[in-house]
Amino acid sequence: MTDIDLSAQETELSHATLPRGAQWLVAIAAAALGGLSLVLGAGIVGAVAVGGLAFVLGYPLWALLVENRRSATDKLVTGLVWTAFGVAVIPLIWLIYMVVARGTAAISPEFLTYSMRSVTGDEQGGLYHALMGTLIVTGIAALISIPIGIMTAIYLIEYGKGSRLAKAITFLVDVMTGIPSIVAGLFAFALFTLVVGPGTRFGFGGGVALSLLMIPTVVRSTEEMLKLVPDDLREAAYALGVPKWRTITKMVLPTAVGGIVTGVVLSISRVIGETAPLLVASGFNPNMNTNALEDSPMMTVPVFIYTQLSEATAKGVEYAWGGALVLFVLVMALNLIARIVGTIFAPKTGR
Amino acid sequence: MVAVRDEAVGEAADGSVAGAAVGISGRGSVGDIVFRGFAVAAAALILVALAAVFIFLGIEGIPGFDVDEQHYAGQGSFLGLVVPLLFATMYAAVLALIIAVPFSVAIALFISHYAPRRIAVPVAYVIDLLAAVPSVVFGLWGAVALGPYLVPAHGWLAENLAWLPFFDGQPSGNGRTLFTAAIVLAVMILPIITSICREVFAQTPRLHEEAALALGATRWEMVRYAVFPYARSGMVSAVMLGLGRALGETMAIAMIASPKVVVSLFVIGTQNPQTIAAHIAQGYKESTPDRLSVLIATGLVLFAFTFLVNALARWIVARGRAK
Amino acid sequence: MNTTSLRRALVPGITAATLALAISACGAANEQNSGSDGEGTLSGTIKGGGASSQEKGQAAWVAGIQDANPDLSVVYEPVGSGSGREGFVSGGYLFAGTDSALNDDEGELSKAKEKCGADPIQVPAYVSPIAVAFNVEGVDELNLDAETLSAIFSGKITKWNDEAITALNSEADLPDTAITPVHRSDDSGTQENFTDYLSQAGGWSEKPDGEWPAGIKVGEGADGTAGVVTALQGAGYIGFLDESAARENDLTTVKVKVGEDFVEPTPEAAAKILAASKPAGLSDNDLAVEVARTTTEAGVYPVVLVSYLLACPSYENAEDAANVKGYLEYVLSEEGQQASADEAGSAPLDREIADKALELVSGIK
């Protein structure tokens, strides 16, 4: 879209226009103004704000004087859009900087291989138990969600098209996307309180809670991918007399596998950082615990961050940032995997 | 199940491949019946799961509607507790939306219509990255970094904008307020709204846009008269999804704002309305069974409420499409 | 060809899954040979729970006894005093920690009696000073008495240069700025003991409770000790928290008026409180005390948290009995009390009371 810039030619034909490079002139003036306010002691943030405001308002103002109202509005909006972008990346950069800078200070080989068992005072502890807990709990969630999610999507696309059940399921999946994560945790907690006993908090409960959050994303992404599989493929298989289920497993799924795997990995990366449901459903535990089925709490990285922060000690805060970095790397790695898988298997549908 | 199959067969007349396949090769094949059974069972399981959420929260939570009044955090009754909590939940979410929506739309426009392609692609990636940051990390950042940083802003707002009820009062001296929490919440829902808006903007028919430009429209006029009308229902659904996420967000608010069960519009003070989700997260750890059932009951209310909001969103979107 | 692409995706997936399982099979590096030098003979697992105020102390004791007995695991769940007592009565916990002594107001004592088959053992185990910390620029020392504290936390005093405060601090340069008192928004033993102090010594109008009274409309609520610490970063704030947390985070603390002196919150000053307190036990097995909040004895710090341990005099399972006995003996020993003092900043128990408690505990069978 951006390559068609007709507005410039249009104005040239009809009336006076700003000189070429006008935006640079304004930018320099705005920067000077910003610099001036910095000298006058407005602080970096203040100076940037003054400079930015001067540009966003000054450029359209000039256009209003030389050109016309419409052109000025256009330039104002353009300035605002760019500003919005600039403002929105600030928290992201700030956040990533803090996680990396303060996280790396905490990370050491011991931090990654120790648990918090019998760790008191300034002794070295670690989040190995939490890391394993996260892998196990998320693994359980994935084991539950992937088959259910993919089969549901298959039903919706291949079998149920237009049926009342399919419509209801589509609606419910949409609604499920909006389940507050803490409600998922409470559900798992309530369920196992009744099934196992009061106050049950264990790894499997966390897995069930997360799967409730994961299923809709898996269904959604798989559905989108199955929709992309051209009907010609299916028709060709049917014409050869291939049974429907074999068509789906041998033709449709393999064609869509790249997108499905990408969607699944992304959905894992969405739930791996969930805190509230795990806080409620799997609890916290300073010890190593690899048995998700035993009635004993299982630590996870997000909960580790939260509990370390509540220690109210300098070490606790440091460990919390360390945990944040580990979690961040995990999530980024999953996103990267999803992207790589996505490009390798990218469907060639001419889109 | 039979009925479903009949419907599917019926659809074969409309040229649906799915129906045709059942008609040709579906009957009699054991593999087909089993596979289809699995698919239907999986789909039905979703129904069951949602019902189970209601049922189990109900079993554990309903006793919480009426227990000894000491368990209602000094509010006397369940309604006395849940009404302020529900108010705060909506209030925080709406505040976050007010901040996030203009930014999201602007960034989506930036990516789809304003930025040069070599900037737009990485920007889109970076915004998606924001969506992947776990909420507990956002909470950590908001509590440790952003909150203290915003203290002067709190003072400024209280001094200069006190005629607005949101800023009328003694400002907080440590930034642990709903104002800070709402900003963090806004950053958290921004990627969701942006990515959906971006997609619908990009789907605007090229012909509409080119026609607008050919008529002499500036870029902004093209966006306003060609892109926005086309994308309206998509934008509404994006906002509703953001709202849904904001309603259920727990950790960021629990870690940032100093809570109080109260109905108040004042967002920069020391007593910030407590949301349902944060109330549960902070209360569950030291809970007797009675108190726990109260918390679960509030969770049930939150679930029912977000259910309604989401259903409403779908309805609006469906109506928008039908037009 | 399509099938192979499916397989191509499956194989790495399965490999990754097995790899993950293989990794999780090995334990944490610090757990593998932990305490192999210990010579204790206790083995098995005992589980207790209750007051979260004891959490750090329990962590120190658990570490100590596990180091000495490599085959023993002690689990303490910081679920809160109420849940701890409930778990003890229902048999889920073999021992429990509680901030308020077991009584029969809600029939808990009778139920516990029934459960144990005799009067349950209740001994003070964890005494920790509660510091009142504040943040006023340029003020490093502040003296307050119970009445003034009470007035500050109930919102009757709103400025730092209020006469009531300046009268006690003639040397400090107190500004004309607002006071923001911070309290706990969660249910807390620290809060219960602090309000108990205010109501006994400072004319506090509300009932002492772990939950902040809803009737007081001023001040800022903070979740947990960590919440109080971050809230206190704000200028003009004042709040109460465990003394060790105040020290750890370099917060400036208030000296509290006792008799004619102003006493700093230190473990040493807090340790003297038990000796000055009256016994309030309901049976021979109950060593609960009524903490002397109004003491005027020099050098005693009355704003303390006293937390108890609950156990049965006898258990059905001999191993459980031996483990609980061993654990409690360690907790009450000089070594155990020193361990929690080092790690959690608590005040070591007065030996006279500790010895009495040890005598009770050594009878567990």
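Just so you know, glycine gets a Cβ as well, placed from its N, Cα and C.
Please treat TrEMBL annotations as automatic predictions, because they have not gone through curation.
On a predicted model such as this, the values are computed, not experimentally measured, just so you know.
Long-range Cβ contacts of the transmembrane segment (A:21-40) within its own chain (Cβ-Cβ under 8 Å, at least 6 residues beyond either end) map to 46-48, 50-52, 54-55, 58-59, 62-63. Here TrEMBL flags A:21-40 (among others) as transmembrane segment.
The transmembrane segment feature in TrEMBL is assigned to A:46-65 (among others). Tertiary proximity for the transmembrane segment (A:46-65) is limited to same-chain residues at least six positions away from its ends with a CB under 8 Å from its CB atoms, namely 18, 22-23, 26-27, 29-31, 33-35, 37-38, 71-73, 75-76, 79-80, 83, 86.
What TrEMBL lists as transmembrane segment is A:77-100 (among others). Tertiary neighbourhood of the transmembrane segment (A:77-100): same-chain residues 52, 55-57, 59-60, 321, 324-325, 328, selected by CB-CB distance under 8 Å and a gap of 6+ residues from either end.
According to TrEMBL, the feature transmembrane segment maps to A:127-157 (among others).
Sequence annotations record features per position, and here TrEMBL assigns domain 'ABC transmembrane type-1' to A:131-338.
Summarising the annotation, TrEMBL assigns transmembrane segment to A:169-196 (among others).
Counting only same-chain residues 6+ beyond the ends of the transmembrane segment (A:202-219), those with a CB under 8 A from a CB of the stretch are 133, 136-146, 148-150, 152-153, 156, 173-174, 176-177, 179, 181, 184-185, 187-189, 191-192, 263-264, 266-268, 270-271, 274, 277-278, 280-283, 289, 291-298, 300. The feature transmembrane segment is assigned by TrEMBL to A:202-219 (among others).
Counting same-chain residues at least six beyond the ends of the transmembrane segment (A:251-272), those with a Cβ under 8 angstroms from any Cβ of the stretch are 134, 138, 141-142, 145-146, 149-150, 158, 210, 213-214, 217-218, 220-222, 224-226, 228-229, 233-234, 237, 242, 327, 330-331, 334-335, 337-339, 341-342, 344-347. Residues or ranges marked as transmembrane segment by TrEMBL: A:251-272 (among others).
For the transmembrane segment (A:319-341), the residues of the chain that approach it from at least six positions outside its boundaries are 96, 98-100, 102-107, 111-112, 125, 127, 130-131, 134, 258, 261-263, 265-266, 268-269, 272-273, 301-302, 304-306, 308-309, judged by C-beta separation under 8 angstroms. Taken from TrEMBL, the feature transmembrane segment applies to A:319-341 (among others).
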